[in-house]
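Participant: Pasting in a structure now, in structure tokens, and then I'll have a few things to ask.
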């Protein structure tokens, strides 16, 4: 065991900031415009209070949960984010091995800096694939077929990006993204000129389809047998519409606060979505997870599992595969302690009564 290992995600973030070029760090840690939602994604968790129960035999803690019939060691999933080679030469292959060693599901981003096939062959594990629907539907269909043939078990369709949000740090830094081998031969985009902004902006303008609508869910279902989650749901209205569309699950997400500033923090939107879905499909949540207690709070508010991207990226940047693995292990360890101290022997015993939200406190004063 190395001396002076980081003991929390914040310390890994500090190491990552030192290790990464400014452009790469700002990309993974930045948000849209004023970054209000970026700050709120984390701050909103701090305003939820835990309500521990005592005198419970917690000598055995079971953090395992299931999703789509697959058993996970804990309800922590590695969320999709592109460009892991910004953090480490082995990119997503190193992240995939770290997740597999923790029996955690990894979601591979469409903009992975490693090919789908290379990540799939890097280790045996349950993996999901994140997708956009492009103007050229054949590109999306090809990526779906490749993921399916490589054994990916589900699709996460990102639905909050008809166009790219204004990520001012990326514009200022003239962000250049690692080439994604997944798109070789599928599209040719002249995105090298960053004179008037980031490479990501040019790519998004050329490829993302602003006409994407609910009818495209039917199209996607028609070309794959993989279950489909919609990623980017923050309202009850869209949650109910998603259930009506026949998707396998919804993910409460604001795209890491990179799209619409002043959108709700995801943990603040979670309970609204959970109530709207009413148990019809599992609800996941991402954004702002920095502690095991954050995971506990999300589960108490109805999430089946949480997704964390930035913490794992920080670990990868700081210490490679070992760092990414350690971050997942730390979050698992913190969750185990939180469960024990709140009197919960399994994730099924984590209930709404274990937390008090801002809304609860206000209602108690009325």
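Each Cβ is built from the backbone N, Cα and C atoms, and glycine gets one as well.
Reproduced below are the annotations present in Swiss-Prot:
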ACT_SITE  255  active site, proton acceptor
BINDING   27, 132, 167, 258  2-oxocarboxylate binding site
BINDING   80-82, 109, 130-132, 158, 231, 253, 286-290, 309-310  FMN binding site
DOMAIN    1-360  domain 'FMN hydroxy acid dehydrogenase'
Participant: Translate the DSSP assignment of residue 167 (2-oxocarboxylate binding site) into the three-state scheme.
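Facilitator: Residue 167 (2-oxocarboxylate binding site) sits in coil per DSSP, no helix or strand.
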Participant: Where the distance is taken from Cα to Cα, which of the binding-site residues 27, 132, 167 turns out closest to residue 253 (FMN binding site)?
Facilitator: 132
Participant: If you count the other Cβ atoms within 10 Å of each Cβ, which of the binding-site residues 80, 288 comes out on top?
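Facilitator: Ranked by Cβ atoms within 10 Å, first place goes to 288.
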Participant: Of all the binding-site residues given, 27, 132, which residue's CB has the most CB neighbours within 10 A?
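Facilitator: When each Cβ's neighbours within 10 Å are tallied, 27 tops the list.
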Participant: Please give the maximum pairwise Cα distance, in Å and rounded to a whole number, for the 2-oxocarboxylate-binding set 27, 132, 167, 258.
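Facilitator: Output for 2-oxocarboxylate binders 27, 132, 167, 258: max Cα distance 19 Å.
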Participant: 167, 255, 258: which of these recorded positions has the sparsest Cβ neighbourhood within 10 Å?
Facilitator: 255
Participant: Highest CB neighbour count within 10 A among the binding-site residues 109, 253?
Facilitator: 253
Participant: Hey, does DSSP put the residue listed as 'active site, proton acceptor' in a helix, a strand, or just coil?
Facilitator: helix
Participant: What is the separation, in Å, between the Cα atoms of residue 109 (FMN binding site) and the residue listed as 'active site, proton acceptor'?
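Facilitator: Here the two Cα atoms are 12 Å apart.
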Participant: Within its own chain, what residues at least 6 apart in sequence put their Cβ under 8 Å from the Cβ of residue 309 (FMN binding site), listed in sequence order?
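Facilitator: Non-local contacts for residue 309 (FMN binding site): 78, 79, 80, 81, 256, 286.
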Participant: Please report how many Å separate the Cα atom of residue 258 (2-oxocarboxylate binding site) from that of residue 288 (FMN binding site), as a whole number.
Facilitator: 12
Participant: Taking Cα atoms as reference points, which of the recorded positions 132, 167, 255 is nearest to residue 288 (FMN binding site)?
Facilitator: 255
